[in-house]
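**Q** This is the structure I have questions about; it appears just below.
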Amino acid sequence: MHLEGRDGRRYPGAPAVELLQTSVPSGLAELVAGKRRLPRGAGGADPSHSCPRGAAGQSSWAPAGQEFASFLTKGRSHSSLPQMSSSRSKDSCFTENTPLLRNSLQEKGSRCIPVYHPEFITAEESWEDSSADWERRYLLSREVSGLSASASSEKGDLLDSPHIRLRLSKLRRCVQWLKVMGLFAFVVLCSILFSLYPDQGKLWQLLALSPLENYSVNLSSHVDSTLLQVDLAGALVASGPSRPGREEHIVVELTQADALGSRWRRPQQVTHNWTVYLNPRRSEHSVMSRTFEVLTRETVSISIRASLQQTQAVPLLMAHQYLRGSVETQVTIATAILAGVYALIIFEIVHRTLAAMLGSLAALAALAVIGDRPSLTHVVEWIDFETLALLFGMMILVAIFSETGFFDYCAVKAYRLSRGRVWAMIIMLCLIAAVLSAFLDNVTTMLLFTPVTIRLCEVLNLDPRQVLIAEVIFTNIGGAATAIGDPPNVIIVSNQELRKMGLDFAGFTAHMFIGICLVLLVCFPLLRLLYWNRKLYNKEPSEIVELKHEIHVWRLTAQRISPASREETAVRRLLLGKVLALEHLLARRLHTFHRQISQEDKNWETNIQELQKKHRISDGILLAKCLTVLGFVIFMFFLNSFVPGIHLDLGWIAILGAIWLLILADIHDFEIILHRVEWATLLFFAALFVLMEALAHLHLIEYVGEQTALLIKMVPEEQRLIAAIVLVVWVSALASSLIDNIPFTATMIPVLLNLSHDPEVGLPAPPLMYALAFGACLGGNGTLIGASANVVCAGIAEQHGYGFSFMEFFRLGFPMMVVSCTVGMCYLLVAHVVVGWN
């Protein structure tokens, strides 16, 4: 803070004061505690010569050279402030359009700063009215400033007109009102539809099947039913054996009359056969479903016969239910719901968490309408709590870890290793993330890397968004290299029948590792090409960037405070005043600062010395505790994949590690740690799991798999393997960029296995599984919600004030996905078609 004249130049003898203390000064604290108002000034110079009138009741004005705390203290007895009126100012120039913060007050060459205080209200004003007036003026000021900042130079003159600004403000409020009312009407409609249809549940029948007798039952059809769903539970396997006819199986026959029958011709009997193979391990149970089309309203007959090698009976559970709506109708509804969710996220109409919740509600309402409404217990079972536990535990670990200053230390070390070369640092970070994600879960990798990257970019005055997007893309690529790097790979390797074909851990990892290395060699130059015309450095100096970020954080803090009490209202008003004061300072710095930043830091040696003094380890003892616990957690992650005797999954390991560190760190204020947890990200994943399972019940994923199999069968035999690899890679990539790759992979494995077992097709299973792995893992880079690591990275970045939108990720992620899938497809074609590595 300094004194300036009318021409904007500093006075040579004026003292320069730098305000670094962010806490409330002592004088202001005493004034708040005493609940006093500044009295009328009796002595001193007349303030009207240097400060304007008409600001009483909302702000007071202090000379810039006077000490802030002493100014408030002296104001009690002999203040030189303007006279406080007992009512609102009647000055005609003080209206709703009057700015709360004046940029410069030139009167006799001096400058004043505004001092906001929640006690500067008159006796006739209520606290709530004053607070509402403050926030109304604050929002109006923000709206006008936002319009001014976003306007181009050509439109600046038009936007300066109050009439244009008023019309734009009314239009914005109208669009906002239409959005809220439209979404509210949609939610009410879905809620009504969901409540009209009851949860019928499934009535399971216990059957004892033997090769000596069959089981049969007659079902009466419903009037409005078009589908019949039959569920079987027991020792079943989803896919058929490699050599059909030699395994134990059961055959479900569904017989009904043809709808084309008339009174002159007897209706023909139509029989649907469903063959289900039994698991040799009778203790492993699973549930399988099959949907049949109901042709008429006549009685439907179900017959079940078993083909067993022994005469011992096999227990089996069976349930059935009628559904409304054909498969094509359900797929159309599911596609519309998925498109609506993506529209809400792409155009940022609502937050992505709320968009996923709206999509889940719409999908549940659609299931209720067709007659398959799930119970609350069933919906909760759809949520993958292992993933949520992993996220929650690692967020707790990272929150405590950040208190040690380790992330700042790592940022300085990375800056030293790169020797000031930005692209060398970015490639190094992406390569380390790719290698680490090959052995760790992608979510864990981004939870550890995102805070370090953000701090490093702040030190180097880089835009963290661009670096984080590149980092998470290479994390997803590196996760596809091993059998434990990505969930689709784990699902493929865990299949017992695929293990018999040679797709074990070592074979799968060796095959995928070669292909991913080729993908990395192509994607690193592509990343440089895509960022060729993008400015990774911030356009403003680091001081301006930090000030903007500070304003953003203060504004978010003020918005999160709910004014439920008088004290909270006072704090909220103080925070809003802080935001306005910082915006005034930002406007001055933007007006005076002009600096051109080169693409390479020439003075990196000088900067590294300053950074090492500024960014050090703040708590060495806590750092040792964090490194011990985190190292043990990562070691258990590795051990869990290779040692079957450890009965802990990733979620349990992360939760236990978080509890250990909470005890060792001796955390007393637990709420501070909970504030660091990304609850919006956890809710987004929970809603996304429900949405994907509901879409699977609407036959969307099954329909995609069946259509892919039909396209492969249509290709001539000599070109069928080429077509199968190409189709599976691209269908998996596009589907995984839109929906969760875990249920898609679990659905596609039986489809591809049945396709390979079909003697008319004659395709080997390993190339299809490798194509599925490449597409499902690399396809997650296509969109922001295509992979779990993308959502986690975006959530942490948003918590730090550097959130990126769907389109910002899409501009880089989708081209990288297309190129990486193309390289992976070419590798599979050479390996399995040319070389014959099957």
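Note that Cβ sites are derived from N, Cα and C of the backbone, with glycine treated the same way.
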**Q** Going by what Swiss-Prot says, which of Asn218, Asn754 is noted as N-linked glycosylation site?
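**A** Swiss-Prot records N-linked glycosylation site at Asn218.
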**Q** Check whether Swiss-Prot assigns Cys410 and Arg572 to the same side of the membrane.
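**A** Swiss-Prot topology: Cys410, Arg572 on one side of the membrane.
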**Q** Below 8 Å between Cβ atoms, which of the listed ranges 354-370, 385-401, 514-530, 621-637, 721-737 makes the most pairs with the transmembrane segment (680-696)?
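**A** That would be 354-370.
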**Q** For the transmembrane segment (648-664) against the transmembrane segment (385-401), do we get 3 or more Cβ-Cβ pairs below 8 Å once near-sequence pairs (under 6 apart) are dropped?
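**A** In contact, yes.
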**Q** Asn218 (N-linked glycosylation site) to Asn781 (N-linked glycosylation site): how many Å between their Cα atoms?
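**A** Here the two Cα atoms are 50 Å apart.
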**Q** If I count Cβ-Cβ pairs under 8 A between the transmembrane segment (331-347) and each of 354-370, 514-530, 818-834, which range comes out on top?
**A** 354-370
**Q** Counting all other Cβ atoms within 10 Å across every protein chain shown, which of the glycosylation sites Asn214, Asn218, Asn273, Asn442 scores highest?
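**A** Compared across Asn214, Asn218, Asn273, Asn442, the most Cβ atoms within 10 Å surround Asn442.
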**Q** Applying a 10 Å Cβ distance cut-off over all chains shown, what neighbour count does Asn781 (N-linked glycosylation site) have?
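**A** There are 34 such Cβ atoms around Asn781 (N-linked glycosylation site).
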**Q** Check the Cα-Cα distances from Asn214 (N-linked glycosylation site) to the glycosylation sites Asn273, Asn442, Asn781 and tell me which is shortest.
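**A** Among Asn273, Asn442, Asn781, Asn273.
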**Q** For the transmembrane segment (621-637), could you work out the same-chain residues 6 or more beyond its ends whose Cβ comes under 8 Å from its Cβ atoms?
**A** 397, 400-401, 403-406, 440-441, 444, 646, 648, 650, 653-654, 657, 660-661, 664-665
